[in-house]
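What TrEMBL lists as transmembrane segment is 12-33, 53-77, 98-126, 138-159, 166-197, 217-238.
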Amino acid sequence: MRKLIAAEAVKIQWGLVALLIAVDLLVNMTLGVSDLEMLQEYYSPNWPHFLMVVFHFHSMFFYPLFTGILAALLCFYEHRSGGWKLWFVMPYSWTQMYAAKLTILAIILAVIQLAFIGATIVTGFISGVEGNLNWGMVLNSTISGWISILPLAALQLWFSSRLSSFGIAFSINVACVLPNIVVSGLHSVYGMWFPFILPFYAMMPQGTPFAPRVDELSLYGWIGLSFVAACIWGSYVYRKKTIA
């Protein structure tokens with residue numbers, strides 16, 4: 001299994017991954033600093049409000065969008081060179097293949113999350129954000145945001161295995177991210193059914209003006225159940241390729 005995971009890691013275009021991380025950090029940190037300055041008349045330029053701004057764009061747009069892009073990249077090699085057929089003669093099952101791709105995707109998403117949080121903290125200190133940083137809240141948002149993206153990651157691997165065109169997959173992902181603007185205004189009990197919005201509910205600091213209304217018990221219960229269901233479905237779809 002380790003060799004399989006290593007093989008999947010080699011397929012990733014790490015330069016593109018680095019570019020995605022750089023874009024995420026540049027856009028969100030710039031927006032965070034500029035909004036903090038412009039909104040001083042309305043909000044105190046402290047850590048909760050700074051985190052509110054940078055977490056907002058990352059969790060609502062960039063993080064779910066990058067999940068779809070990375071899933072498409074993980075399946076790009078198989079689509080481009082007929083690699084799906086090669087798995088018929090490989091000493092691994094389709095379930096193992098799906099698990100390896102999901103493991104790599106989860107690791108990359110964790111790296112993105114850590115890079116984002118690290119850049120947020122550094123930018124905040126350099127910009128002179130007021131008050132004390134609540135490290136517990138930051139740690140909770142970091143871990144919760146990563147956990148909440150896993151159901152979408154499992155679904156995206158299934159979706160990307162069905163579409164050979166990277167452009168079409170990207171366009172559909174953009175179209176699916178845009179409704180987050182509306183869904184984010186709903187209580188988590190109603191909005192959590194839309195997998196693209198889960199990181200927003202999980203990451204946004206509570207007690208800030210734009211904080212979503214969240215019922216944590218139902219939210220994290222649904223995240224766990226949907227992740228298990230998505231993994232079962234994705235594994236099933238991959239196994240069906242043997243008779244497709």
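Backbone N, Cα and C define each Cβ position, glycine as well.
Note: TrEMBL annotation is automatic and uncurated.
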Looking only at residues six or more beyond either end of the transmembrane segment (166-197), which have a C-beta under 8 A from one in the stretch?
60-61, 64-65, 68-69, 72-73, 76, 151-152, 155-156, 159-160, 212-215, 218-219, 222-223, 226
The transmembrane segment (138-159) vs the transmembrane segment (53-77): three or more C-beta pairs under 8 Å (separation of 6 or more)?
yes
Among 12-33, 53-77, 217-238, the stretch with the most Cβ pairs under 8 Å to the transmembrane segment (98-126) is 12-33
Please give the sequence-distant neighbours of the transmembrane segment (217-238): residues at least 6 beyond its ends with Cβ less than 8 Å from one of its Cβ atoms.
94-95, 97-99, 102, 147-148, 150-151, 154-155, 157-158, 161-162, 188-189, 192-193, 195, 198, 201-202
